[in-house]
């Protein structure tokens, strides 16, 4: 039908766009030397996981959607491989978002102790733990914890064992969800309390204000022979930068929650109550979760002018 062709076209476009956009982010980070540091290694790890979702997971999911009755006709071995890659890449993507939120939280609340060297070490540890945890969750069904393939019904899905459903959904979504919500609440609280402290300063007398105004610090920038002088007023440049980054993390977390929470609610409830959720809704929730891999690079590059300039330099030769 026309509607089916439209849905198929949208899913193909989503798959291709997700892969190309994340590949563009990776190419930019590899090419620009200024990006060879934190927090861009966290962004690179997220882009790798999202690109793998688009390259290895979404095409096989699309083949399953095209089959009659959404049956799996590619055999047991390919089913196990698809489920393993699905859990590995999607879980890594979720935990990479969590790592970005944690990095932003520590840079806001521990500015003096969270130096560049400490950020580099901690970010590398978080990336390693992200992929190790994702691998442990994804390999469990291969070691006999539940069954993913049913040859009689030609069905390939995540293990419906109740104990595995609790552990896998908890480790892949509910635990990082609690972490990112707690972290962003702390970030919001830190900025809110900082603003209140600035606004709580009592006004000075008129004479003192005139004297204080003459002693305000000035920042001078020279370019060749011209000199530009301006006074700092209100928030500092660092505070504005931190607020912009916190806003980016907030949008990143909000989109992550909206994309994945329907899928993980059904994956947790279905094995526990033996509920039969319509396959069409399972497909909608699954592809909604996949779309998070498309939104991630859009969000964290839209808030960074350096990425926009680097993207232009990839295609336009400039002196």
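Keep in mind that glycine also has a Cβ here, set from the backbone N, Cα and C atoms.
Listed in TrEMBL:
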- 6-30: transmembrane segment (TRANSMEM)
- 21-300: domain 'G-protein coupled receptors family 1 profile' (DOMAIN)
- 42-60: transmembrane segment (TRANSMEM)
- 80-102: transmembrane segment (TRANSMEM)
- 122-144: transmembrane segment (TRANSMEM)
- 164-188: transmembrane segment (TRANSMEM)
- 245-265: transmembrane segment (TRANSMEM)
- 285-303: transmembrane segment (TRANSMEM)
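A Cβ distance under 8 Å defines the sequence-distant neighbours of the transmembrane segment (285-303), meaning residues of its chain 6+ beyond its ends; these are 11, 14, 17-18, 21-22, 24-25, 43, 46-47, 49-51, 53-54, 57-58, 61, 90, 93, 97, 100, 244-245, 247-248, 251-252, 255-256, 259-260, 262-263, 266, 311. Three or more CB pairs closer than 8 A are found between the transmembrane segment (42-60) and the transmembrane segment (122-144), so contact between the two stretches is assigned (pairs 6 or more residues apart). As a whole-number mean, the pLDDT of the domain 'G-protein coupled receptors family 1 profile' (21-300) in this prediction is 81.
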